[in-house]
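According to Swiss-Prot, the feature NAD(+) binding site maps to Gly15, Ala16, Leu17, Gly18, Arg19, Met20, Gly114, Thr115, Thr116, an assignment based on sequence analysis. The feature active site, proton donor/acceptor is assigned by Swiss-Prot to His170, with sequence analysis given as support. The (S)-2,3,4,5-tetrahydrodipicolinate binding site annotation in Swiss-Prot covers His171, Gly180, Thr181. The annotation active site, proton donor is assigned in Swiss-Prot to Lys174 on the grounds of sequence analysis.
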Amino acid sequence: MIKNSKKTTPVLVSGALGRMGSEVVNSVLNSSDCELVAAIDTNKKNNGENISQLLNLKKSDVLVSNDLEGSLCSISQDYRNEKIKPVLVDFTHPDSVYENTRSAIAYGISPVVGTTGLTPSQINDLAIFAQKANIGCAIIPNFSVGMVLLQQAASVAAKFYDNIELIEMHHNQKADSPSGTCIKTAEMIEEYPKKYNQSLVEESESLKGVRGGVRDSGLNIHSIRLPGLLAHQVVIMGSPGETYTIKHDTIDRKAYMPGVLQAIRKIGKFNSLIYGLEKLIF
């Protein structure tokens, strides 16, 4: 563990050897106002190895640890009297993200969560826990500024369209469907309350689920998983005589890093849970 000697935000990265985690490590190492203090990953064969050497990144003395709990405890003690509090960035797995986030809050460390798959009940539990602990916690389904703008546009347009379909496409290593980003988009559309996609005919499906998953509001969501994709979302709205399509493509994980760094810098100003990058940038 490294003790922060400057006025920088101490950052722990959980899932540090993964695709997103390694990008976060690189961005933190190259940031002037953040400092990497712990790199946690479940890959046991790399335990104790230097993170910079493993990922061929800017020099750092941080060693990979398999022990999230131990890292949280140690960093919490190291910075208990510091004005700038540590932040845990989590890009792990839907099966572990809830416990990881809860543990960080328990140790007084603000979580910035990019892992999707949290249920509404889990998010509500974390919100209550964060508020009681007086700790900022950010649940961010998508760190792309472009995606946030898509969601804002879709939310505004929903007032004018009764028929809306959402398509989300990701690489075939993504575990959860639909994506947290797409769920967030649907929730923002549903802020204008009405029943969407009311059928004018009696529909039948010769292949079950071919029309996609249907939310209580009537919004249809279609999930695609293919090699060669990264992260893509399309919102298609239709009315007589026209369609309106909003599309966002992420072609490199670097697109997420400005949003991640913004969340790291700002979450310390909050004392409760926030959901969505728009809460930080607008």
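Note that Cβ sites are derived from N, Cα and C of the backbone, with glycine treated the same way.
A map of Swiss-Prot features onto the structure.
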residue : record                                          : Cβ neighbours (10 Å)
Gly15   : NAD(+) binding site                             : 27
Leu17   : NAD(+) binding site                             : 19
Arg19   : NAD(+) binding site                             : 12
Gly114  : NAD(+) binding site                             : 24
Thr116  : NAD(+) binding site                             : 23
His170  : active site, proton donor/acceptor              : 23
His171  : (S)-2,3,4,5-tetrahydrodipicolinate binding site : 14
Lys174  : active site, proton donor                       : 18
Gly180  : (S)-2,3,4,5-tetrahydrodipicolinate binding site : 21
Thr181  : (S)-2,3,4,5-tetrahydrodipicolinate binding site : 26
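Taking Cα separation as the measure, His171 ((S)-2,3,4,5-tetrahydrodipicolinate binding site) is nearest to Arg19 of the binding-site residues Gly15, Arg19, Thr116.
Using CA atoms as reference points, the recorded positions His170, Lys174, Thr181 were checked against Leu17 (NAD(+) binding site), and the closest is Lys174.
For Thr181 ((S)-2,3,4,5-tetrahydrodipicolinate binding site), the recorded positions whose C-alpha atoms fall inside a 10 Å radius of its own C-alpha are Thr116, out of Gly15, Arg19, Thr116, His170, Lys174.
If you take the Cα of His170 (active site, proton donor/acceptor) and the Cα of Gly180 ((S)-2,3,4,5-tetrahydrodipicolinate binding site), they are about 12 angstrom apart, rounded to a whole number.
In the three-state DSSP reading, the residue listed as 'active site, proton donor/acceptor' counts as strand. Distance noted between the C-alpha atoms of Gly114 (NAD(+) binding site) and Gly180 ((S)-2,3,4,5-tetrahydrodipicolinate binding site) is 9 Å.
Note on proximity: of the recorded positions Gly15, Thr116, Lys174, the one nearest Gly180 ((S)-2,3,4,5-tetrahydrodipicolinate binding site) is Thr116, by Cα distance. The secondary structure of Gly15 (NAD(+) binding site), as reduced to three states from DSSP, is coil rather than helix or strand. The full span of the recorded NAD(+) binding residues, Gly15, Ala16, Leu17, Gly18, Arg19, Met20, Gly114, Thr115, Thr116, taken as their largest Cα to Cα distance, is 17 Å. DSSP assigns Gly114 (NAD(+) binding site) to coil, not to a helix or a strand.
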